Amino acid sequence: MRFKKSLTCIDMHTEGEAARIVTSGLPHIPGSNMAEKKAYLQENMDYLRRGIMLEPRGHDDMFGAFLFDPIEEGADLGIVFMDTGGYLNMCGHNSIAAVTAAVETGILSVPAKATNVPVVLDTPAGLVRGTAHLQSGTESEVSNASIINVPSFLYQQDVVIVLPKPYGEVRVDIAFGGNFFAIVPAEHLGIDISVQNLSRLQEAGELLRTEINRSVKVQHPQLPHINTVDCVEIYGNATNPEAKYKNVVIFGNRQADRSPCGTGTSAKMATLYAKGQLRIGETFVYESILGSLFQGRVLGEERIPGVKVPVTKDAEEGMLVVTTEITGKAFIMGFNTMLFDPTDPFLNGFTLKR
């Protein structure tokens, strides 16, 4: 048996959503920032993503990330996110997993008697400032982790999208929380958020994302490479009394987020804040389709003079952005050495999804 390549990974989940983090075995990936590394992987080495994410090593709802040395000043780790359909500029649940793994596996050293360990991630969407909160009396056991996300904002409000029957005309908000989201109430689609309705939610989410990218142009005003709606966030009434809403996010190749979605939580908080429905410092609890929870807060707001998006009323006053924090719990499930045999007919993975 002769192996073409081997990769080492940490297999984790954050509030139920998979996070397979590749820690070593990659060749040199060119790029002067994480966005360029992401683009290089996509254009030249996408077989790696497929082999790691898809069957038989992964599954149709797999998620993961590549770790790199950081490039941006002040960062501890570089990271590029991936799923079964491609790559994302940012991911909240996988950032929480990476922060947790960095501390619990010794990737980063932990100061003596520390209770909170800062971990700064260099992502394609910008710097994400994480904190691993340690269990009392331990040196590296993480009770949960928080991330301060990249600036988030409501981009466009009450966008009318026409879908095939039985959905018809649907109104959505478009917001950015590290990725662009189309945010839609479940009642507008006529579907309750439940595991039993998952296939219908996936179908509606994929239809909506396809149509919104066909009919609506989005462009991050400061990051030229971010110009598509990557995720559809369907929300409704919470089941858990602690939560404000329940949601499911559809992304990738009809993937459904098992966690409450970190970047989606930021996008939702930015939307609520812009509408006057959430205050700075107020706790916002978001529930997933599984019933797991993220805790979020808006930490502050800022106006960027001269920069505008469709909801900006006064270009001189500028675009409103908010700083958001998300907290959740990630678990290490195992350490994985992946072997790639050149004679394997499924070397680079496969999917049975159409």
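Cβ coordinates are placed from backbone N, Cα and C, and glycine is handled just like the others.
Other Cβ atoms within 10 Å of the Cβ of C91 (active site, proton acceptor) number 33 in total over all chains. Mapped onto three states, the DSSP output places C91 (active site, proton acceptor) in coil. Positions annotated as active site, proton acceptor by Swiss-Prot: C91.
Annotation source Swiss-Prot lists substrate binding site at G92, H93, D257, G262, T263. Shown in sequence order, I147, N149, G177, G178, C261, G262, T263, G264, T265, S266, F294, I326, G328 are the residues of the chain, 6+ apart in sequence, with a C-beta less than 8 angstroms from the C-beta of G92 (substrate binding site).
Take the CB of C261 (active site, proton donor) and look out to 10 A: across all protein chains shown you find 30 other CB atoms. Annotated active site, proton donor per Swiss-Prot: C261, in sequence order.
Annotation for D257 (substrate binding site): same-chain Cβ neighbours under 8 Å, separated by at least 6 residues, are E17, H93, V248, V249, I250, F251, G264, S288, I289. In the three-state DSSP scheme, D257 (substrate binding site) is classed as coil.
Summary of the substrate site environment: with the site residues G92, H93, D257, G262, T263 set aside, the chain residues having Cβ atoms within 8 Å of the Cβ mean position are T14, E17, C91, N94, S95, I96, G178, V249, S259, P260, C261, G264, T265, F294, I326.
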